[in-house]
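Novice: Just passing along the structure, written as structure tokens.
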Amino acid sequence: MPQSEDDVDLDGVLQEIGQFGLFQMKQYGLMVLPIIFNALFTLSYIFTAGNLEYRCLVPECELPSTTIYNPAWLNESIPHHADARCQRLQYLANDTTPFQDECSGENFNPSDSVACDRFVFKTDETTIVRDFNITCAQNDWKLTMVGTVNNVGQFVALPIAGYLSDRFGRKWILLISVAGSAVFGLLRSFATNYEMFIAMEFLDPVIGSTMYTTAFILALELVGPKMRVTGNNIISCAFSFGEALLGLLAMYFRNWRTLLRILYIPGLLVLPLLYTTAESVRWLLSKNRKDEAFKILKKAATVNGKTLSQVALAKFNSTETKNNSTDSLGSKTYTHLLREALHNPGLVLRVINCSFCWLTNTMVYFGLSLNSVSLSGNKYLNFILVSLIELPGFFLMQLILDRVGRKKTLFTTLVLSGLFCIISAFIGGIDAPALNLTLFLLSKLTITMSFGTLYIYTVEIFPTNLRQSLLSTCSMFGRIGSMIAPQTPLLAKFWTPLPMVLFGALGITSGIAALKFPETLNNELPNTLEEAMNMQENDIPAADR
């Protein structure tokens with residue numbers, strides 16, 4: 001929709017004060033902190049609830065304090081038809097030698113096995129498996145449930161947090177999110193049983209789930225149109241750095257309680273620093289709080305060494321006449337805006353399509369991250385490498401996103417990720433670890449590019465006064481994907497390639513569906529519902545890009 005002469009041309013103002021000057025750099029410097037925290041907090045369960053290698057303790061042959069994991073007689077004590085972790089052959093009693101320093105196959109009955117009640121662990125690593133005795137196949141569901149419960153918490157909280165953020169402001173929601181998540185994370189480190197641990201694992205994301213989206217919007221809404229991709233990539237790189245940092249910390253702090261305290265205490269320490277962040281100018285304008293918005297823009301101009309022109313000031317000060325009607329950004333209640341949005345079939349379809357795209361991206365992205373610790377080799381190093389492979393994806397986004405547009409990038413990366421997943425599923429049985437690893441990394445690289453594009457795309461296709469609510473709604477449905485992701489290994493019991501085939505099919509389908517989105521390249525962020533829906537007609541010809 002063309003802007004009237006009296007409209008607040010905020011993107012024009014941002015170009016005058018500097019699209020990414022010192023003021024925006026400081027804002028981004030603050031916002032990368034909650035982004036890193038979000039990576040640390042969201043994925044910590046991969047290591048705190050990670051499974052361990054263990055075997056049965058054979059009390060007739062070794063002491064409970066033994067540190068020898070592979071004694072010479074071990075293979076002779078394990079039945080070949082049962083779970084080697086939790087079953088051992090019955091020891092043949094010998095009254096003259098109740099304890100044997102050296103056992104052999106002759107000491108065990110090959111036709112009789114018993115369940116273990118004590119275990120020997122291969123390393124000194126401590127997760128909830130060891131502390132809460134979550135061992136054997138019948139308890140594996142308790143470990144996969146941790147990741148699912150974490151994402152259920154995010155699913156429940158995201159729409160509520162989005163509403164509160166659009167109603168009361170981004171800054172306060174961010175502070176509450178970081179503080180609440182840190183408190184429940186620390187409480188989790190003192191859990192005395194599985195039930196307490198899982199409760200804290202749920203409450204942590206209930207409070208902290210909006211940390212990423214709020215910080216992302218607070219940062220991106222202050223950036224000029226030509227710097228949005230750069231701004232998006234800074235945030236995305238910060239998340240990848242947080243993932244790699246989690247792997248590094250988990251490598252050196254092998255006790256899950258210590259690891260959680262190392263991860264969460266900084267969240268409380270940085271609260272005074274985060275309090276200094278600027279509120280969203282676009283949100284303030286949507287609430288008709290012109291004086292506060294103008295004060296932030298004046299400060300930004302001063303910090304950036306720029307001056308606002310009289311034309312920009314005149315347009316800025318004419319907010320009350322926007323559209324010369326009661327349709328000003330601040331004249332409608334949130335409920336009215338939401339009701340109006342739900343009565344717009346085009347917007348409803350856009351939200352449904354966006355939600356499906358989010359579900360696909362989260363399921364594939366987190367599914368690959370979770371499976372990385374199952375690759376052969378050092379699980380910490382694998383996790384770090386799979387996290388760092390995202391960085392080339394962001395650099396590629398920087399090169400192509402502003403050249404070919406959001407729609408083509410999202411379509412291509414989703415389809416490629418789907419194809420890589422399907423190919424890797426059908427060559428999994430081939431003894432070619434290098435090829436398997438390459439396809440795995442290519443899948444993660446392309447889904448990372450898709451996810452990064454989707455974040456900036458979602459910000460650009462929804463109006464300011466509903467932006468965080470609708471972003472949170474799409475992200476909420478996306479959490480269905482991350483809730484399912486920890487459970488996908490169970491599908492392999494029916495058919496080994498099924499999880500990767502599922503990832504691939506979803507990626508290709510979602511890529512095709514993404515072609516229904518409008519192209520937003522070089523468009524200003526829409527402030528109203530009308531502007532957002534009229535973007536359908538604003539696709540930019542290739543020659544103009």
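Here, residue 1 is simply the first one shown, and the rest follow in order.
Glycine is no exception: its Cβ is also placed from the backbone N, Cα and C atoms.
Summarising the annotation, TrEMBL assigns domain 'Major facilitator superfamily (MFS) profile' to 39-522. The transmembrane segment annotation in TrEMBL covers 28-47, 172-190, 202-222, 234-253, 259-278, 347-368, 380-401, 410-430, 436-457.
Show me how these features fit into the shown structure, please.
Specialist: Nonlocal intrachain contacts for the transmembrane segment (28-47), taken as residues 6+ away from its ends with a CB within less than 8 angstroms of a stretch CB, comprise 127, 146-147, 150, 174, 177-178, 181-182, 185, 201, 204-205, 208, 211-212, 214-216, 218-219, 231, 234-235, 238-243, 245-246, 249-250, 256, 259-260, 263-264, 266-267, 270, 273-274, 276-277, 369-370, 373, 383.
Within the chain, the transmembrane segment (172-190) has long-range Cβ neighbours (under 8 A, six or more residues past its boundaries) at 34, 37, 41, 44, 161, 164-165, 196-197, 200-201, 203-205, 207-211, 214-215, 218, 256-258, 260-261, 263-265, 267-268, 270-271, 274-275, 277.
If one looks beyond the transmembrane segment (202-222) by at least 6 residues along the same chain, the residues whose Cβ comes under 8 Å of a Cβ in the stretch are 14, 23-24, 27-28, 31, 34-35, 37-38, 41-42, 149-154, 156-158, 161-162, 165, 170-171, 173-174, 176-178, 180-185, 188, 228, 231-232, 234-235, 239, 277-283, 300, 455-456, 459, 467-468, 471-472, 475, 525.
Listed by sequence, the residues of this chain that lie at least six past the ends of the transmembrane segment (259-278) yet keep a Cβ under 8 A from its Cβ atoms are 27, 30-31, 33-34, 37, 40-41, 44, 47-48, 171, 174-175, 178-179, 181-183, 185-186, 188-189, 218, 222, 246, 249-250, 253, 296, 299-300.
Among residues of the same chain six or more beyond the transmembrane segment (347-368), those with a C-beta under 8 A of the stretch's C-beta atoms are 341, 386, 410, 414, 417, 421, 440, 443-444, 447-448, 450-451, 454, 458, 461, 470, 473-482, 484-486, 488, 499, 503, 506-507, 509-510, 513-514, 516-517, 529, 532-533.
Long-range Cβ contacts of the transmembrane segment (380-401) within its own chain (Cβ-Cβ under 8 Å, at least 6 residues beyond either end) map to 46, 229-230, 232-233, 236-237, 240, 243-244, 246-248, 250-251, 368-369, 372-373, 409, 440-441, 444-446, 448-449, 452-453, 456.
Non-local neighbours of the transmembrane segment (410-430) in the same chain are 357, 360-361, 364, 436, 439-440, 442-443, 446-447, 449-450, 453-454, 457, 496-501, 503-512, 514-515, 517; each lies 6+ residues outside the stretch with a CB under 8 Å from one of its CB atoms.
Listed as Cβ neighbours of the transmembrane segment (436-457) (distance under 8 Å, sequence separation of 6 or more from its ends, same chain) are residues 216, 220, 228-229, 232-233, 235-236, 240, 357-358, 361-362, 364-365, 368-369, 371-372, 375, 385-386, 389-390, 392-394, 396-397, 401, 406, 409-410, 413-414, 416-417, 420-421, 423-424, 427-428, 430, 503, 507, 517, 520.
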